[in-house]
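Enquirer: Below you'll find the structure I mean.
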Amino acid sequence: MPALINPVKFMRPLSHRTKIVATIGPASSSVEVIRQMVDAGMNVARLNFSHGSYEDHATMVRLLRSVEQEMDTPITLLQDLQGPKIRIGQLPGGEKQLREGEKVSLVPVEIGDRHPGAVGIDYPHLATEAKVGERILLDDGLLEMKVVSIQDPEVICEVVTGGILKSRKGVNLPGLVLTLPSMTTKDKQDLEFGLSQGIDWVSLSFVRKGEDIHTLKQFLAERGHPDLPVIAKIEKPQAIDNLEEIVAVSNGIMVARGDLGVEVNPEKVPRLQKEIIRRCNVRAIPVITATQMLDSMIQNSRPTRAEASDVANAILDGTDAVMLSGESAVGQYPVKSVQMLRKIAEETEVGLHLVNNPPIENTETHALSEALVVIDGILDLKYIVTFTTSGFTSLLASNQRPSVPVIAFTPSEKVYHSLNLVWGIIPFLINEEFDTFEDLIQQAEVLLRDRKMVEKGDQLLIMAGIPTKIPRGTNFLKIHRIS
């Protein structure tokens, strides 16, 4: 028999099944804070390419990979592309007071210097696409204006809700279908850079239709990365209208509640969140719930009760992961924020019995994933164990939300990192030096015993496709007792 499986890396046993995504920023850019966040439960590091230089991001990637090696546990890198985000230009002095009832002129930033007193906006087609009476929302909807007249290139607005408008704040035009590309020139340049840094997932902002994801995947394929998993961020009304086609072609979905709540009104977001998560669960693709999960912890060391309930409800809805944005990027308590997400997840998952998701295809793999549910309900299992080259077997096992963690043995470093985003999965990166499938099981048992993850008498449910060295769907299910 060949030497025991040599695990290059493995993830430490989970105390929480719901994965934690943390945005990296000034508050979390030191080695010590990253270590503490990983210890606290961070699984995925989000790199927000709306901010920061390439030098900043390259430094963070090196830091994250070094901590990953040092702590011998995966840190998945998620590159979040800015997408066609419309923003206010630079304002004199950096800000402008908007008063209710005041008239404000919006002009393209390129000609702002020819219109003293006007506010520049980096969308040149506003005057030709806007309509009188349309709402224009600024700074995540905190400020609101209404279009009262159009004198190309100026759009004259009346301030409905005033306040301080700062440079580079976001602009939302909820009533308009805009002629924007799905990927901007900046996105393409940023993604080229991300690929050179070895990112594990990429998310595209302001997706409107399935074709947007096809465009991104074609871009990746042309650059030799056809298998890099892609997340579609759902934050536009058009995305809700085209949700089924977007979910069908994406590898994952993010419920981006910030812009979504501005575009469709906040009272609709809870229902939409549940529907988006349900669609993802049916398709067996991972879903992240994001934005303002613990927003008050940017300033405070404890969340509000409503925030704790919000996180718990996302988990009960069936989300794979919950995400921190400003809390971990610029907040005063990045480590405590991760700890709090973990604690809420642990408490919510106690006795959690999610509705099992029906198979979507009549295949051996889907049939076996259904059988997994029955066996899990009868036997006292320690783990579900999957052997996978593509990650699909592990995804299906996780999607059934079993009562025990799913261990995913894979020889692919890409799959190892991508599965680290998925609910309940503990990924192991192994080599392929084995003769028979029985050898593989035996060696996997030794590996788990060495890490004190199993003991004599524990039962494992093993899912795999055999022969293991031939790519194919899952066709094998075995109950294995630790000897």
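Each residue, glycine too, has its Cβ placed from N, Cα and C.
Pasting the feature list from Swiss-Prot:
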- Arg46, Gly258, Asp259, Thr291: substrate binding site (BINDING)
- Asn48, Ser50, Asp80: K(+) binding site (BINDING)
- Asn48, Phe49, Ser50, His51, Arg87, Lys169: ATP binding site (BINDING)
- Glu235, Asp259: Mg(2+) binding site (BINDING)
- Lys233: site 'Transition state stabilizer' (SITE)
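Thinking about packing and proximity, how do these listed features fit into the structure?
Expert: Counting only same-chain residues at least 6 apart in sequence, those with a Cβ under 8 Å from the Cβ of Arg46 (substrate binding site) are Val21, Ala22, Thr23, Ile24, Leu78, Asp80, Met323.
The Cβ of Asn48 (K(+) binding site) has 19 other Cβ atoms within 10 Å, all protein chains considered.
Listed in sequence order, the residues of the same chain lying 6 or more apart from Arg87 (ATP binding site) and placing their CB within less than 8 Å of its CB are Ile121, Asp122, Arg168, Lys169, Gly170, Val171.
Within 10 Å of the C-beta of Glu235 (Mg(2+) binding site) there are 26 other C-beta atoms, taking all protein chains into account.
The Cβ neighbour count for Lys233 (site 'Transition state stabilizer'), using a 10 Å radius and every protein chain shown, is 26.
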Enquirer: Do any of Asn48, Phe49, Ser50, His51, Glu235 (binding-site residues) have a CA within 10 A of Asp259 (substrate binding site), and if so which?
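Expert: Within 10 Å of Asp259 (substrate binding site): Glu235.
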Enquirer: Can you tell me the three-state DSSP label for His51 (ATP binding site)?
Expert: coil
Enquirer: Can you name the residues of this chain that are 6 or more positions from Ser50 (K(+) binding site) yet have a C-beta less than 8 Å from its C-beta?
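Expert: When sequence neighbours closer than 6 are ignored, Ser50 (K(+) binding site) has Asp80, Gln82, Lys85 within Cβ distance under 8 Å.
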Enquirer: Rounded to the nearest Å, what's the C-alpha distance separating Glu235 (Mg(2+) binding site) and His51 (ATP binding site)? Just drop the number here, would you?
Expert: 19
Enquirer: Between Gly258 (substrate binding site) and His51 (ATP binding site), what is the CA-CA distance rounded to a whole number of Å?
Expert: 17
Enquirer: If one looks at the chain holding His51 (ATP binding site), which residues at least 6 apart in sequence have a CB under 8 angstroms from its CB?
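Expert: Residues satisfying the criterion: Gly25.
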